[in-house]
Amino acid sequence: MKLSRQFTVFGSAIFCVVIFSLYLMLDRGHLDYPRGPRQEGSFPQGQLSILQEKIDHLERLLAENNEIISNIRDSVINLSESVEDGPRGPAGNASQGSAHLHSAQLALQADPKDCLFASQSGNQHRDVQMLDVYDLIPFDNPDGGVWKQGFDIKYEADEWDREPLQVFVVPHSHNDPGWLKTFNDYFRDKTQYIFNNMVLKLKEDSSRKFIWSEISYLAKWWDIIDNPKKEAVKSLLQNGQLEIVTGGWVMADEATTHYFALIDQLIEGHQWLEKNLGVKPRSGWAIDPFGHSPTMTYLLKRAGFSHMLIQRVHYSVKKHFSLQKTLEFFWRQNWDLGSTTDILCHMMPFYSYDIPHTCGPDPKICCQFDFKRLPGGRYGCPWGVPPEAISPGNVQSRAQMLLDQYRKKSKLFRTKVLLAPLGDDFRFSEYTEWDLQYRNYEQLFSYMNSQPHLKVKIQFGTLSDYFDALEKSVAAEKKGGQSVFPALSGDFFTYADRDDHYWSGYFTSRPFYKRMDRIMESRLRTAEILYHLALKQAQKYKINKFLSSPHYTTLTEARRNLGLFQHHDAITGTAKDWVVVDYGTRLFQSLNSLEKIIGDSAFLLILKDKKLYQSDPSKAFLEMDTKQSSQDSLPKKNIIQLSAQEPRYLVVYNPFEQERHSVVSVRVNSATVKVLSDLGKAVEVQVSAVWKDMRTTSQAAYEVAFLAHLPPLGLKVYKILESQSSSSHLADYFLYNNDGQAESGIFHMKNMVDSGDAITIENSFLTLGFDRSGLMEKVRRKEDNKQQELKVQFLWYGTTNKRDKSGAYLFLPDGQGQPYVSLRTPFVRVTRGRIYSDVTCFLEHVTHKVRLYHIQGIEGQSMEVSNIVDIRSVHNREIVMRISSKINNQNRYYTDLNGYQIQPRRTMAKLPLQANVYPMSTMAYIQDAAHRLTLLSAQSLGASSMASGQIEVFMDRRLMQDDNRGLGQGVHDNKITANLFRILLEKRNGMNMEEDKKSPVSYPSLLSHMTSAFLNHPFLPMVLSGQLPSPAIELLSEFRLLQSSLPCDIHLVNLRTIQSKVGKGYSDEAALILHRKVFDCQLSSRAMGLPCSTTQGKMSIPKLFNNFAVESFIPSSLSLMHSPPDAQNTSEVSLSPMEISTSRIRLR
């Protein structure tokens, strides 16, 4: 009956569309014949052409009409399927609830031209492709002599006769913004003295040089020094003695970071430099991140950098590159069809960035030229031979010894220009070291430069001094347009510094804070966008209470705390326990302060009369529906107190740039609840239990879930009230393996004792089957009605019994992962409802939940997986979730890099297990010719594919010992940690696995991109605290920030208010950052329900924002440092595939 009624409605809709379209066609097709007398047998030529145009127009209208009817037909088919998949009755099988069909939403298609880029990628030539390099390297690690991981280097004495060796010695100090001490403690004890001495000691001699990287420290020092010191720093920068390299807020990790935060900390550093020093960095310096990503390379290139340096690369790769003389190369993006992303990169060849490993291949000799280690000091040389102070009596022999190392090192490169860094961690903090290093080297330089037969020119230099000399040398050698340096594509993970010591442990270490970081990124982005638009409204309506608020100062602090956490010993989980607490406290405090900014900004935007805006410094009128009580606790949902007399206002924000249908879930104090939409209509509600523990329901709190439809970047108001006439539906519960007494309260709860029925849940897209332990076993996609194996298992990895064991950095397992064995059959709880259904399995160390949403569109097509992990009781174990399928991926799998691009991987038998673990920021997938299985992640973790058909993700690790990389402790401060995922199974169309094997690139589907965005940017519900501040205040039903959805493949990365050039306030401009994503069209997109289309990267800027006019829109470099030479106000953006662009926008 229900089915026929739905068909009647939609049949009527089709009939109406047809009749209305025909009416329009006839109306538009009416011809204006001449009013004069008609001559028999003649028809004017002009009228014939008009008639032909009308006929052509009618044909186009018919085609459009056919397309509309086709779309409606597809919607009817989807509806019929959803109705057929309705409740089935028996408790053991799925009752999927209602499958919601989005009103007036048709599945839009991508423009075929937007599919071309992905299909063309992968055929372009590279001189060096890192996937191929791994095939070539034997990884046999023979003893190389004095250069243990290398080989013996020889040279002829006359090699520099035609062109002398040019050496640049670059003094530096690597300052971790937190590691063994907190950021503040390091600054107090070390860094401030480095800066103070730098100003004094560089002024003593104009030939002295120094480079600095971390702006977080420089900004902190700048705030406490006097004007004469500030002027001295500016003078050193102007005359080239001091160079700022990279200039980010920190030297960021490149494995576990997301590109949003990488860009943000770059902008924060570069904006600070522009305002305070007027300098623009042009050389990248990354000597300590544990492996290197091409994402960072791309960001530097688009920020305007010309060259960069990296250090921590697998020792076997360094050896291979040294043999091939490819340590300097143009690093090109895998996806680049041309060479627009090329940036010149220098890879340091030896073990470390310290002085013993930077002058040449023999650390025993190089250590003798680290003059801080002179006898009588605190440090010595581990090789047993101390440095000697340089004097007239030994300068000749010492100079020749050092020059020999420089010459040997130069043999690994293709030019006669050599870089020799001079520094280490927190060096130059004592004024005596400045004297010891500079004065001794000055004597060596003076001697070498005075001896023509040595054929060397040596000096102190900055990093850019070196690269400028290198490019000058190359320009002289260049013949016939052939580059001296090869083009390279790929990444440099996973890093190993010696033996089988792979640094794949830190991809997962301290996962609690990796998740907290991702939440912070989403909240900061929300605060940035809402604040800027609220600021524009406040300026328009002269709302001084908002304009004078400390919000911009608070926002800047949040940016800096997030930036600090991108440091390569912060987000990586590789700092001391108390330093981790310091990072966590900063994030926690900023999350709280961002909630105030979001609440106040949203309140202003949703107000009908902006002039009635009020604010309370102590709290926001709009409060988040979740609260985190401390830096190391999981967020908990607040309970909204309802009454029948006065409704509570719930304002929901959609942080996504497309129109969106998603589930909103809040907690209330009553099960008899009604939710009213912005139109005042009751919406369908699922009321579920809030569980005190796995068997006991709360009598004071209930979860209310409903489907919300929100505009892009929009706010919508719902009302919630207690009502006996509510249209809510109570969820039903079915308990398996229950040996205790469950308290059901108002809910129907059934013990499934000795039931032979399989556990299943389903929606209109998927049917999932589970074993009696509550773990998923199989899935049926209703698109093709085929059932496939899809098993979820948990595993333990231990650590080796050798002397070196796993720690914060290293993963050194004791063999293959061992199945998780539960002490008893797990208790399983099945929820069945109208909005969602789920299966929860309670293990000793994991509470594992798989949920399906009964929604048409994006969220209904994947499985939500949440794991609450608690391994505080175990020792030297790492817990993993494995997803197994029959997909024949042939040892090939894919992980993303920084949420920006996909990197193909190969499980290599010649490498140890730990080498086949790679970083995953947002997704990993495997595929064969028929299917792709994607695991989407809301936090950065380590991932692998140890066998065909498998994806493994590491969820937490607890290790009781140090792994001898300087931290001096294990990882045993574990927290109860929430990991959130989605699993997506897609059909591939007509794919060739041989082409997959050859291709160095791969792209997610559009559905996968969208699902990842939904996962990382969920709806944000906010509750009006109490009643409205004044009876006169009214709220709009919704506030649309954008006029319409952005194209499906364009992501609004940020709308970031730009700082004022004076004071600590804001300017009139914002940085609008856009990213055009590339997607694979070879995956099924049937009935995806996308409320957007693609436009080949083109967007009209004047039509972008709703309620805001665009005064100016001027393209810029990524971090706002540069404007293109032809930069001018423009009205259209045209983004190329994969590109991220920043523009300065002024709204009113």
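Glycine is treated like the rest: Cβ placed from N, Cα and C.
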Out of Ser82, Ser121, Ser173, Ser662, which residue gets the phosphoserine annotation in Swiss-Prot?
Ser82
Of the residue ranges 29-56, 1121-1148, the one that Swiss-Prot records as region 'Disordered':
1121-1148
Going by the Zn(2+) site in Swiss-Prot, where His174, Asp176, His568 are listed, which of the candidates Asp288, Asp678, Asp693 is also part of it?
Asp288
Which residue among Asn78, Asn93 does Swiss-Prot mark as N-linked glycosylation site?
Asn93
Have a look at Ser75, Ser80, Ser322, Ser590 and find the one that Swiss-Prot tags as phosphoserine.
Ser80
Other residues, Cβ within 8 Å of His174, Asp176, Asp288, His568 Cβ centroid (Zn(2+) site):
Asn175, Trp179, Met251, Ile287, Pro289, Asp425, His567, Asp569
Out of His174, His568, which of these binding-site residues shows the lowest number of other CB atoms within 10 Å of its CB?
His174
Hey, of the binding-site residues listed (Asp176, Asp288), which one tops the CB count within 10 A?
Asp176
Averaged pLDDT score, the topological domain 'Lumenal' (27-1148):
91
